[in-house]
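Student: Got these off TrEMBL a minute ago, pasting:
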type	residues	note
DOMAIN	A:22-463	domain 'Amidase'
ACT_SITE	A:Lys76	active site, charge relay system
ACT_SITE	A:Ser151	active site, charge relay system
ACT_SITE	A:Ser175	active site, acyl-ester intermediate
Amino acid sequence: MHNKTLAELSKGLASGDFSSSELTKHYIGRIKQLDPTFNSFISVTEEQALAQATAADSRIASGNTTPLTGIPIAHKDIFCTAGVKTSCGSKMLDNFIPPYDATVVEKFNQSGVVSLGKTNMDEFAMGSSNESSFYGIVKNPWSLNCVPGGSSGGSAAAVAAQLAPASTGTDTGGSIRQPAALCGITGLKPTYGRVSRYGMIAFASSLDQAGPMTRTAEDAAMMLNIMAGVDEKDSTSMDQPTPDYTEQLNNDLTGLRIGIPKEYFGEGLTPAIEQAVQSAIKEYQSLGAIVKEISLPNTALAVPCYYIIAPSEASANLSRFDGVRYGYRCEDPEDLLDLYTRTREEGFGDEVKRRILIGTYALSAGFYDAYYKKAQQIRRLIKNDFVAAFEDVDVIMGPTVPNTAFEIGEKSNDPVSMYLEDIYTIPTNLAGLPGMSIPAGIIEGKPAGLQLIGNYFDEGRLLNVAHKFQQATDWHLQTPASQIKRVER
Amino acid sequence: MEWETVIGLEVHVQLATKSKIFSGSSTAFGAEPNTQANAVDLAMPGTLPVPNEQALRYAIMFGLAIDAEINQRSIFDRKNYFYPDSPKGYQTTQMDEPIVGPGIVEVQMPNGDSKSIRIHHAHLEEDAGKSLHEDFHGSTGIDLNRAGTPLIEIVSEPDMRTSEEAVEFAKKLHAIVTSLGISDGHMSQGSMRFDVNVSVRPKGQGEYGTRTETKNLNSFKFMEEAIALEVERQIDVLEDGGSIYQETRLYNGETKVARSMRSKEEANDYRYFPCPDLLPIIIDSPYIEAIRSSLPELPDTRRSRFVDKYRLSSYDASILSSDKSTAEYFETVFNVCKDAKLAANWVMGELTAKLNSESLSIHESPISADNLGKLIERIIDHTISGKIAKQVFESIWNGEGNADVVIEAKGLKQVSDSSELESMVEDVMSKNPDQVANYHNADDVKRKKMIGFFVGQIMKVSKGQANPGMVNKILMQKLKD
């Protein structure tokens with residue numbers, strides 16, 4: 001059963017091949033058996049999952065269903081879940097049980113989707129390797145000595161290892177797409193404002209966006225159908241039409257204009273990745289697409305710009321973790337200052353502290369203009385690059401990440417090289433555009449990702465373009481089967 | 001040396017919205033601690049602010065009332081600081097792009113002069129919660145009911161030169177916001193709080209002296225005292241050859257003592273930046289014009305209307321129109337009794353004195369405007385005299401019922417029955433034959449004075465209830481006979 005896509009599981013449930021309870025038990029069993037090796041889950045909510053599955057089975061029996069009713073998925077532990085610990089990968093929230101659901105979680109619950117549990121992640125979504133989690137590193141199912149990417153590393157590993165058929169993720173600078181690329185799955189970061197951020201613990205509010213992590217583009221479309229839409233609890237969510245994303249999947253690609261930004265093929269890109277991307281582009285040409293080189297001249301400024309804006313916002317967003325109302329509190333504080341200082345010193349990990357310090361510095365009197373304000377101006381330039389490019393092309397393509405999964409520990413003492421992992425993904429967050437990563441090759445046993453970038457609210461086209469590729473190729477069907485088998489033994 | 005004082009005010013006004021500025025929690029005053037604080041107010045992880053449009057409308061109403069520019073684009077910023085009553089670790093406020101731009105407030109001084117005070121800007125922001133130090137031995141309690149209550153902060157230019165001007169300006173702002181209905185103006189509940197910036201300079205000097213800021217004064221009286229104290233302190237320091245340092249000060253209205261809270265060097269770096277959870281507020285001219293056309297009457301307009309319609313003196317009119325509650329109270333009294341002069345005298349006299357002596361505001365008055373109107377009506381229709389009316393007023397105040405009930409219950413009805421009055425007059429005359437004889441022998445001037453004696457006796461006999469007009473008439477008649 002765990003080989004099936006959401007679309008296949010949906011059919012199986014509808015035709016009574018198996019029940020939601022059977023399916024849920026099967027996945028819970030796999031998690032129990034295999035996850036001690038991968039460590040992709042922080043919490044497994046077996047009891048709740050089985051209760052949800054029973055309820056879903058009655059819904060199916062009564063015909064009151066949505067396409068995903070009864071299908072179990074996993075949620076990144078950044079989404080608040082009522083009554084279930086939501087840690088955000090941090091010691092700071094190790095004891096935090098929210099009294100409310102994130103809007104995304106609420107929507108899945110209402111659709112009758114079963115939640116298997118909460119997936120591991122970099123602490124407060126800050127990282128590209130899942131090594132900053134308080135709950136330990138996550139292993140890449142393709143290569144156990146490699147990282148799964150981050151920050152949605154647990155979600156990506158769980159889907160790749162088939163411990164869940166799909167998962168939610170969040171992406172601030174590449175946190176859905178980079179782990180999707182490193183784990184050989186499909187990941188979509190929608191347009192900023194497409195999916196509600198309510199109940200999703202904030203890292204950098206102007207960049208954070210939730211999206212699906214699945215095995216196929218079709219599955220991503222099914223997930224996005226539930227996730228997308230304006231939310232009165234999030235005033236930055238946008239009131240834009242929410243089409244049925246599965247309807248456009250098979251649109252013909254003849255005449256599709258693909259832009260290839262030359263800046264995405266410069267120094268630092270592994271030749272084998274470049275080759276994989278070029279083959280994918282050839283595949284698109286054979287599907288009728290027209291390819292043209294474009295320029296996004298401010299690309300090189302994206303990483304430094306991001307590492308001012310994201311930490312600045314984070315430095316304020318994380319101020320609420322002060323030991324006063326919830327979460328970790330240091331023992332026996334002497335006074336208020338001691339309470340604040342030790343709570344945050346003991347509750348946050350190094351990467352989080354590093355980013356709070358960077359952000360606090362960038363916003364300080366006397367530095368604001370040189371850093372934060374300048375970064376905002378650069379952000380506008382980067383956005384303008386894309387706006388200009390989309391006058392001539394329908395979709396932009398390039399690598400998701402410069403390399404395949406790297407070894408655990410390889411970059412953990414070199415923050416800058418870690419930050420460069422997101423060199424191709426960050427610009428879309430700064431511009432607020434939708435981006436996707438789909439499997440496009442396997443290099444020395446490890447997956448390579450192709451990135452697709454779409455125009456604002458053009459997720460339908462992105463999914464269509466991704467789906468047609470997946471109809472023509474089988475990279476997305478590759479699984480780390482031999483690895484998983486080894487773990488099973 | 002002669003010194004000149006320079007004063008600027010920052011005034012925080014709580015807006016009278018039903019719910020908070022960024023959450024659906026109630027803003028009602030006086031609830032049990034933390035019963036009006038939801039997940040957003042508690043800054044639970046993942047929660048987001050959603051702006052309250054009513055707060056925005058109220059801010060625009062204030063801007064229009066002071067003829068200010070309304071900015072069609074304004075931005076919410078985060079002001080970062082750690083304090084337990086600030087649950088997010090930052091306050092959401094407006095810094096560079098506030099909703100209300102420069103405006104003007106005209107202030108009438110008691111001596112009849114008027115003065116224009118320029119407003120630099122007014123911005124929207126959220127209030128903090130409260131730290132409760134009293135009830136927790138060795139610990140501090142936090143009440144977040146007030147956290148997120150919408151405020152406008154009104155920032156004046158340093159245009160005031162005396163504490164009286166500052167107080168009149170503050171009172172005028174109070175009159176404006178209560179007239180607009182955008183704030184309840186309840187000073188005792190913290191609905192209006194003042195930060196005063198004070199400096200002194202030698203008279204005639206162009207540049208300002210170094211200023212200090214005394215924060216969080218919650219009454220006109222405390223503000224006046226704090227300014228006076230600070231001006232005195234600054235002049236003393238300067239005359240002793242010292243310097244004034246820029247600092248934030250606190251004034252204790254109970255002990256009448258001020259102290260330094262922090263110096264400029266210790267000032268926080270608030271690291272303001274635009275709040276990424278809130279989009280810029282964009283409003284268009286039709287939106288603003290719709291609000292303008294629905295503005296209620298403002299104090300200045302009302303004052304001239306009171307002069308025109310009720311023939312009140314300018315002084316009486318300005319007192320009665322200063323705040324919305326007083327104006328409404330007065331107009332209700334008038335509508336019942338139809339005598340503006342009597343209505344004005346009772347509201348400004350008896351009622352105000354009684355309210356002041358018990359530290360009540362007019363909306364807390366135990367006597368409703370309707371009941372006061374009815375009481376005055378009974379004076380006008382001669383049911384009771386003005387003197388008895390004061391006695392009835394006391395009874396109504398003490399909850400003994402309305403005017404008619406009290407008059408009936410206590411038998412205070414004026415005696416206007418002519419035969420009853422005649423027999424009273426005859427009775428008094430027969431008991432005082434000497435005075436009657438003296439009266440007959442006196443000239444007109446003396447007679448007028450002597451009438452008083454007879455009236456006094458009759459009022460005594462009638463316990464003050466005899467109709468004085470009729471008594472006079474009957475007396476004159478009888479004495480002539």
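Using N, Cα and C of the backbone, Cβ positions are placed for all residues, glycine too.
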Student: In Å, rounded, how far does the Cα of A:Lys76 (active site, charge relay system) sit from the Cα of A:Ser151 (active site, charge relay system)?
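Tutor: Cα to Cα, A:Lys76 (active site, charge relay system) and A:Ser151 (active site, charge relay system) are separated by 10 Å.
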Student: Between A:Ser151 (active site, charge relay system) and the residue listed as 'active site, acyl-ester intermediate', what C-alpha distance do you get in Å?
Tutor: 5
Student: Other than its own, how many Cβ atoms are within 10 Å of the Cβ belonging to A:Lys76 (active site, charge relay system)?
Tutor: 33
Student: State the three-class DSSP label for A:Lys76 (active site, charge relay system), counting H, G and I as helix, E and B as strand, and everything else as coil.
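Tutor: Once the DSSP labels are grouped into three classes, A:Lys76 (active site, charge relay system) ends up as strand.
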Student: Report, as a single number, how many Cβ atoms besides its own are within 10 Å of the Cβ of A:Ser151 (active site, charge relay system).
Tutor: 35
Student: Around the Cβ of the residue listed as 'active site, acyl-ester intermediate', how many other Cβ atoms lie within 10 Å? Please give the count over every shown protein chain.
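Tutor: Cβ-Cβ neighbours of the residue listed as 'active site, acyl-ester intermediate' within 10 Å number 37.
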Student: Give the mean pLDDT for the domain 'Amidase' (A:22-463) on the 0 to 100 scale.
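Tutor: Overall, the domain 'Amidase' (A:22-463) comes to a mean pLDDT of 97.
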